[in-house]
């Protein structure tokens, strides 16, 4: 946890205390927290930076609940601009109003104001997380959201302890300024280091002052449930502990078939549960979180790494005179371990939850790439790369224009959407092409012919109880990134992933209908595709976006409208009393 400045410390000590109350009612409880969001100063690498935190903590407080509980979080905004809190992965069944997606389900909480989020957590067990959902604030405003089984039983031996491992990034640049620069088309800024639970690690130093490392204390022979969460804005991470192996047992609040590995790959937005047994000779062992990135000709950024420590009870600070073992990490440009890790995971079959829809009502084929538009306009610029153009991210050649003064859900519910959005999000790209041709990465005539792009707020509407299949296809238009796609309000069946261009005749045979993963964030591999299915059983307005922050800001997003079902129990209820409509609420955005 970072140290507070004196003023902020007094503020938090006198006026702000974390309130976490569990009021037992029958089998379920009400778990209540107060989140005070404020600025504070933190010093790393010889520089003091203003950061934005909850209750003086980076990462923020852990929300720890049992399946079936009601969660109540009072958010007090002491920032000079608005923000929302999103409960990443919580299904929010019939509680879309509490999803916390800025300008999608609600307008940001204005400066000096308060807002209460209230929702139930049902049908989910495992690791989720929460984070700010406006601008780049989630880099430091985030925390774990743990859902424990109601009966206290796991489908694996109960661990001695569970520990959140929150992987993030340390930015010296003010996050609000970072957001402004990216909104203006400047993507040259980078974090200075990776972090593990807010610690930069001893590989980072300045003037021979070594940064603090996260330390995991263990006892020989005991097992530990590591809840590995990637909160980073920019990068997917490889995570390894020297001398130890993992058993992957869950992801995104759902159990997985146990999978043994010596390295975890976690994309932005993902939460991976792994069991680590402390079965190595008692000593100290390094853990490493290493960012990966595509090789050239993709744009290159520095290597981000954080190093922590696993420390066995009874061992000495000098590690008994032996060097501390280091894990051997992949080359940062080798993205294949990510593909193999994700493709090898399967869901733990459950007769009630794993009912893959075999009939498909609507199919979408969604390409993910980049394009460019003229500044001040919403269409592709023919002036090539110049100050008059701005690079955007697209889905089927449409870059999402995020609302700035109103919330899409409110307009939909009130029937006042005219002029705010349209419901013609394209279900396929304008024309097929060789989506993974690496000759498209450098800007040029070949890429330019396929690039035509426009910016608009285009949504897709579904009737209640529609069976939907989406093929996400990563492209090499100006870059070849992977794309961690996150759908709010839903768990989706991840039927298959593959490399190259999706081919229906060939690749449908690879679909796993027996025990697919249930995920809220799907890693679409670099130069590849992912196939998902889900049933629209949760009415409301649900944001779909890439979880790379620069892709969100550039427009790789849309929203799905799910209509009400035939009964009150299948319909979105009116907004709760605590919901504040946008209106003239003194909203101040950076």
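Numbers run from 1 along the shown chain.
Here the Cβ of each residue, glycine as well, is placed from N, Cα and C on the backbone.
The annotation in Swiss-Prot ties 88, 131 to Cu cation 2, and of the candidates under consideration, 547, 551, the one tied to the same site is 547. Listed by Swiss-Prot as binding Cu cation 4 are 546, 551, 556; the candidate from 465, 483, 501, 503 that the record includes in that site is 483. Site annotation (Swiss-Prot, ligand Cu cation 3) includes 488, 545; from 133, 220, 244, the additional listed residue is 133. Nearest Cα neighbour of residue 546 (Cu cation 4 binding site) among the listed binding-site residues (86, 88, 131, 486, 488): 486. Per-residue pLDDT, averaged along the domain 'Plastocyanin-like 3' (424-566), amounts to 95 for this model.
Helix, strand and coil content of the domain 'Plastocyanin-like 3' (424-566), in residues and according to DSSP, is 22 helix, 56 strand, 65 coil.
Cβ neighbour count for residue 131 (Cu cation 2 binding site): 24 (other Cβ atoms within 10 Å of its Cβ, all protein chains included). If you check the binding-site residues 545, 551, 556 against residue 88 (Cu cation 2 binding site), none has a Cα inside 10 Å of its Cα. With respect to their backbone Cα atoms, residue 556 (Cu cation 4 binding site) and residue 547 (Cu cation 2 binding site) stand 9 Å from each other. For the binding-site residues 131, 133, 545, 547, 551, a Cα to Cα distance of within 10 angstroms from residue 486 (Cu cation 1 binding site) holds for 545, 547.
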